[in-house]
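Trainee: Okay, so Swiss-Prot annotates it like this:
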| type | residues | note |
| --- | --- | --- |
| DOMAIN | 20-84 | domain 'SAM' |
| MOD_RES | 323 | phosphoserine |
| DOMAIN | 415-712 | domain 'Protein kinase' |
| BINDING | 421, 422, 423, 424, 425, 426, 427, 428, 429, 444 | ATP binding site |
| REGION | 453-479 | region 'Disordered' |
| COMPBIAS | 453-466 | compositional bias 'Polar residues' |
| MOD_RES | 465 | phosphoserine |
| ACT_SITE | 579 | active site, proton acceptor |
């Protein structure tokens, strides 16, 4: 009774609010049999659930709860309030999701039909409305856009510079909202086609379609969000069959709630999967229109036809089997044709075959004359080129035995430009195809302004190119966030981009190695400077890590061995790459490593060693060696350090010093801090990395020495 009176007296002192709260603390302590501590709780003003749920051992001791048993009972009960609170928050979130899901746009009924359909895509217009389009039969971005443009209301059509309404596909863009970073992503043509024809891409239900002179409006973005949430809600109700889709599109993460939808933070990478990975040549050959969306169809068809005939001619003249690794469109089509022919021949009755055919000629039957190839061309839909425009040539006439075969791929005089597949140190990289031979290429391209120099192919200009450029070289890879854009600065940067591309061209001329991208030539046309390089289907180490996560150690040793072989070749040629990193290491679909991007590479000469001038700061920060950061020396050993950083990338899926900014990383490296070596690496792997990260470059082993390290032999068997 005394306690009650005391409590009531205190209750009157602290006011009506506390009067209402007292029953809670009383019930709390009575439930666990600890009412003897009620006065202490009231005196310390610990009377509400919000205050009690944060109790800990020290607070209870201060309150005079000295018995361990009582402390345990109070703590267990208080922690249960936190769990109840989390459950309540989860329920609130679910209710909120249901309310949002119940929203609908004015022109679209959002129901279970939002589960991705094979041939249907939903485009959101800038007025917030949405249209469902059947894209069946549309195998390039232009045809998809045309099908939608025909259905656009007049007020949403684009206008040209003269203010006239236009229905040209190049006047429209397609965006998709990336919910991981709250940014709008402009789709490449290849990405648009890939998304539209994929069964497991829920982005196809919320593509935003606008004219080039506009950006997605708030109404369009709002509709996109509603469609996105409704799609996830519909997927969750479908059951196990949609589990993969949900796993790929989980959403909006909240640390204090469990068991709810999240947006996968790799969604943007998934959208750009084709962009990053460089699709295989055979995949491109089945959808050339999609990968060369801006190329005239007749010209593309003519190129395919000529490439097919050229491959047939060389195959018979050389008596050579077709290479499975060829990037030539004609070789791929001919290989498919031959495979069908051989299957048909093997299926013939052996008695009929022996009586009607000379078996010694069977292998040659796979190589058809161009006249016979017309039937195959019909299947490939190549015959839209009128027969009067191009007559069948007799490739196998009297002179067929004295055909002059090229020993290497010549610089293409005429080529077709395809989709953008990446970017290098300077400029963008496009998919290209030799218009005469059908050979696929990677074309590195930089726009040349009026006051820039043209392409120089004279070898004698290379000798002084490094010295002339050294004083002007920019620190291009280090992002200066505080830099102010200036017209003259931009002009100088653009000039250096062109110089770097010419410099890369001059270096690549000298390089012929399995682990270095092959140089096909260069040209200057249409205000652009082009370098034609070997097309490497597959992707970079960086893109593979983004898509698949860290590698197994056996795979790391395989790739590292090939990287070092390529680096050793470069160093033998007195060339320092200076930008070895995961993004510049390409892996083809056969697992062969190709080192690329020589935009800031340097060729050493005796003059380099005599000069006392300070070394320039070149490269990508997180892969830089201490001597590069300190600008104390220009040496091939910098590539060894960078190779070690690539090994770290492959082990962890992240670059070295992942928790630091670029300036912080520069400070760390400059103060002789080495990258952290993965604890799960084998002892040989750790030893390899310690050698690669030797701080003194004079004691750091070279590529040939590291190639003999036991770690690189440990996983060969």
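Cβ from N, Cα, C; glycine included.
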Trainee: So, by DSSP, how many helix, strand and coil residues make up the domain 'SAM' (20-84)?
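Mentor: Split into helix, strand and coil, the domain 'SAM' (20-84) gives 48 helix, 0 strand, 17 coil.
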Trainee: Of 421, 429, the binding-site residues given in the record, which has the fewest other CB atoms within 10 A of its CB?
Mentor: 429
Trainee: Within 10 Å of each Cβ, count the other Cβ atoms and name the one among the recorded positions 427, 579 with the highest count.
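Mentor: Most Cβ neighbours within 10 Å: 579.
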Trainee: According to DSSP, does residue 421 (ATP binding site) fall in a helix, a strand, or coil?
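Mentor: SS state of residue 421 (ATP binding site) = strand.
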Trainee: Express the predicted model's confidence over the domain 'SAM' (20-84) as a mean pLDDT, rounded to an integer.
Mentor: 80
Trainee: When DSSP is mapped onto helix/strand/coil, what comes out for residue 427 (ATP binding site)?
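Mentor: The residue in question, residue 427 (ATP binding site), is coil (DSSP, three-state).
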Trainee: Based on DSSP, name the secondary structure state of residue 579 (active site, proton acceptor): helix, strand or coil.
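Mentor: Going by the DSSP assignment, residue 579 (active site, proton acceptor) belongs to neither helix nor strand, so it counts as coil.
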Trainee: Express the distance between the Cα positions of residue 429 (ATP binding site) and the residue listed as 'active site, proton acceptor' as a whole number of Å.
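Mentor: With distance taken Cα to Cα, the residue listed as 'active site, proton acceptor' is 17 Å from residue 429 (ATP binding site).
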Trainee: Can you tell me the CA-to-CA distance separating residue 421 (ATP binding site) and residue 579 (active site, proton acceptor), as a whole number of Å?
Mentor: 20
Trainee: What does the structure give for the C-alpha distance between residue 427 (ATP binding site) and residue 579 (active site, proton acceptor)? Integer Å is fine.
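Mentor: On Cα coordinates alone, these residues lie 16 Å apart.
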